[in-house]
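Going by Swiss-Prot, these are the annotated features:
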type     : residues     : note
DISULFID : Cys37-Cys184 : disulfide bond
CARBOHYD : Asn56        : N-linked glycosylation site
CARBOHYD : Asn120       : N-linked glycosylation site
SIGNAL   : 1-25         : signal peptide
Amino acid sequence: MTNQIYKQVFSFFLSVLLLQSSTVSYVPKSFDLKKPCKHFVLYLHNIAYDGDNAANATAATIVKPLGLGDHSFGELIIINNPVTLDQNYLSKPVARAQGFYFYNMKTNYNAWVAWTLVFNSTKHKGTFTIMDANPFGLQPARDLSIVGGTGDFLMTRGIATFKTKLTQGSKYFCVEMNIKLYECY
């Protein structure tokens, strides 16, 4: 009987010791928000399909606005936009932005963005996802969340600061994306 009690006490202390050692040995990865582990500036080029430019279009409206205001509320756009290292649309793309955005405010222009930057260049291979609100009608510079990735950007997190550099009516725009990754593996 006493032998059985010793076994139970020993098992209990061993379990507590193992549990404590596993929690003590886990140290979360720290990162400095002042110094990103990767930083680069890219330019996204969006050419909207207007019924006549099927060969050049990189974005298409899938759901038309419902007429609930003057700010395209309810419009859903699918994209496959080239991303370059400079503002020139004819520059060689280093990535493609693939995904969608939709307008979600009646009182001002605001788009909710969900797209993945797909890299296939000599410098970077992999993807990361940008997902957040883009209040371009309210702010000249907007911070959007980078919420994960693959390849060279495996499980990365960071911020993409968007600045609209050029617009040509509703058919073309160029956005500067200042990418700062704070968690790199």
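Placement of Cβ uses the backbone N, Cα and C atoms for every residue, glycine included.
Annotated features, which come from Swiss-Prot, shown on the structure.
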{"residue": "Asn56", "record": "N-linked glycosylation site", "contacts (Cβ under 8 Å, 6+ apart)": "Ile47"}
{"residue": "Asn120", "record": "N-linked glycosylation site", "contacts (Cβ under 8 Å, 6+ apart)": "Ala95"}
{"residue": "Cys184", "record": "disulfide bond", "contacts (Cβ under 8 Å, 6+ apart)": "Cys37, Lys38, Phe153, Thr156"}
Neighbouring C-beta atoms (10 Å sphere around the C-beta of Cys37 (disulfide bond)): 14
